[in-house]
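For reference, the structure discussed in these notes is given below.
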Amino acid sequence: MKTLLVLALLLLSVSVQAKVYDRCEFARILKKSGMDGYRGVSLANWVCLAKWESDFNTKAINHNVGSTDYGIFQINSRYWCNDGKTPKAVNACHISCKVLLDDDLSQDIECAKRVVRDPLGVKAWVAWRAHCQNKDVSQYIRGCKL
């Protein structure tokens, strides 16, 4: 019985571990998903954004006053996803915030595309404005076999 309990705890700990992408692996996924140049945002800018928002961690969560940011792109629960806790959430991406925490980036990418279609575009991300805007971001994809 004790062995089963230890095994169950080990399996549980494995299932909740985050996927932390290598920058080049992440860049390849974005490129394959049509993100390079999407709405004028270069692949290097997307990679820079994710580096500074989550350090490429799919399980990144940051709590703000009145909302929470989720996943590799730090999608906000006030405007883009539904976490069931944020009052008056818009949920413009029509998704649960939980799906932004798994290793499948397809919904994260689709929601990020939705964010940049809004008037603010990529400027919606504070980390992008602080670390990527008007900077040489080529280093974020340098050496990647794209």
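Counting begins at 1 with the first residue displayed.
Using the three backbone atoms N, Cα and C, a Cβ is placed for every residue, glycine included.
Listed features, source Swiss-Prot:
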- Glu53: active site (ACT_SITE)
- Asp69: active site (ACT_SITE)
- Cys24-Cys144: disulfide bond (DISULFID)
- Cys48-Cys132: disulfide bond (DISULFID)
- Cys81-Cys97: disulfide bond (DISULFID)
- Cys93-Cys111: disulfide bond (DISULFID)
- 19-146: domain 'C-type lysozyme' (DOMAIN)
- 1-18: signal peptide (SIGNAL)
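Structure coloured by features recorded in Swiss-Prot.
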residue	record	DSSP (3 states)
Cys24	disulfide bond	helix
Cys48	disulfide bond	helix
Glu53	active site	helix
Asp69	active site	strand
Cys81	disulfide bond	coil
Cys93	disulfide bond	coil
Cys111	disulfide bond	helix
Cys132	disulfide bond	coil
Cys144	disulfide bond	coil
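Within the same chain, the residues at least 6 positions away from Asp69 (active site) whose Cβ sits under 8 Å from its Cβ are Glu53, Ala60, Ile61, Asn62, Ile75, Asn76, Ser77, listed in sequence order. Sequence-distant contacts of Cys97 (disulfide bond), defined by Cβ-Cβ distance under 8 angstroms and a gap of at least six in the same chain, are Thr68, Tyr70, Gly71, Ile75, Ser77, Cys81, Asn82, Asp83. Cys24 (disulfide bond) sits 17 Å from Cys132 (disulfide bond), counting Cα to Cα.
In the predicted structure, the domain 'C-type lysozyme' (19-146) carries a mean pLDDT of 98. Most other Cβ atoms within 10 A: among the disulfide-bonded residues Cys24, Cys48, Cys93, Cys111, that distinction falls to Cys48. Annotation: Cys81 carries the greatest number of neighbouring Cβ atoms among the disulfide-bonded residues Cys81, Cys132, Cys144 [cut-off 10 Å, Cβ to Cβ].
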